[in-house]
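For reference, the structure discussed in these notes is given below.
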Ligand code: ADP
Ligand code: MG
């Protein structure tokens, strides 16, 4: 653990003690993530390839035996929120507290003997930027309770419980990628995850060693229709699978794509969605084999293809995301694409170390010239998954 993360953990523990009058039983951290490739595949039983950010949600937690849950976030205005575990109910809470409370609910629903907790957290994961601040929050709570209650659950099991918390308790129909990334990623690696059976493989992804960098550009916009559009895309993919007689679009092989599109006849929108998902799964497999054969620079064009597919077939990009990608490529980037759900959020840019400063500047200038809000640009180093820090 670096000195700075230990200092953060100590500060969070101290604040816990001020709030609750006793020291926590431990401090845990769980990261946000960016997805390198594999977008909108996770609810189609397909492949994804996220890596963990250095940005984390850090939580100091203590057990309680009296059926009470108390929650506090350094990043929210409100004071300590208090719940009785027996009162926790799906979709009863529209506040941020639904994420941690949902995890407690999901653990208890699954039969785990959680009898209460006091929790204080602080997060450096930007919220609502497509970098999974919500999963970081869920996973840090799940891991803390897993340790404190000696539940013995593995990372992928915690991820499933966190997804259930978000789907059922919070009421957001998200896939399994974000929680698994936060729980299971490893430093210097991207996580090749099969979302059907949660089998996973750590793929070495150490850009600095090869003279490259990966920038995240948070556009700082979230277009208001994003949630409704996510639901429509999901429904369209399910319709495609039903029309093709498969459980999920994952089951349409890449070399059977033309035949599948033919079968969909004049279902123009469904055809586009199917084409994105099937080609995107194949792009993930291509990126895995390029990285495994040490041909890292060659993933650049695959990222660009992925962006074009999300823009033209899946139709979830927006002017801000397209501007990042176009500007970065025009300034010498090896590859760039939007990442996350779309309609705002973040894009990633793969570039030679020597080009990074010029690309960041060009993107900032292009945003200013277009009259867009200034983006937040930072470098993403593949970092550790969830862990205990104190
Ligand atoms: P993303 O996961 O892409 O950041 P979401 O909309 O899924 O965006 O999750 C963002 C929500 O997570 C926030 O609205 C808030 O409820 C919760 N959240 C994120 N970070 C924090 C934090 N530091 N403290 C409390 N709640 C947080
Ligand atoms: Mg989220």
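Cβ from N, Cα, C; glycine included.
Bear in mind that TrEMBL entries carry predicted annotations, made automatically and left uncurated.
Among the candidates 169, 230, the residue that TrEMBL annotates alongside 39, 40, 41, 42 as binding substrate is 230. Under the three-state DSSP scheme, residue 73 (ATP binding site) falls in the strand class.
Cα-Cα distances to residue 166 (Mg(2+) binding site) place 134 within 10 Å, out of the recorded positions 40, 41, 128, 132, 134, 178. In this structure, 133, 134 are the recorded positions from 40, 42, 133, 134, 178 whose C-beta falls under 6 Å of some atom of ligand 1. The Cα of residue 40 (substrate binding site) lies closest to that of 178, out of the recorded positions 128, 129, 131, 133, 178.
Each residue contributes its Cα atom, and for residue 39 (substrate binding site) and residue 178 (active site, proton acceptor) these two points are 11 Å apart.
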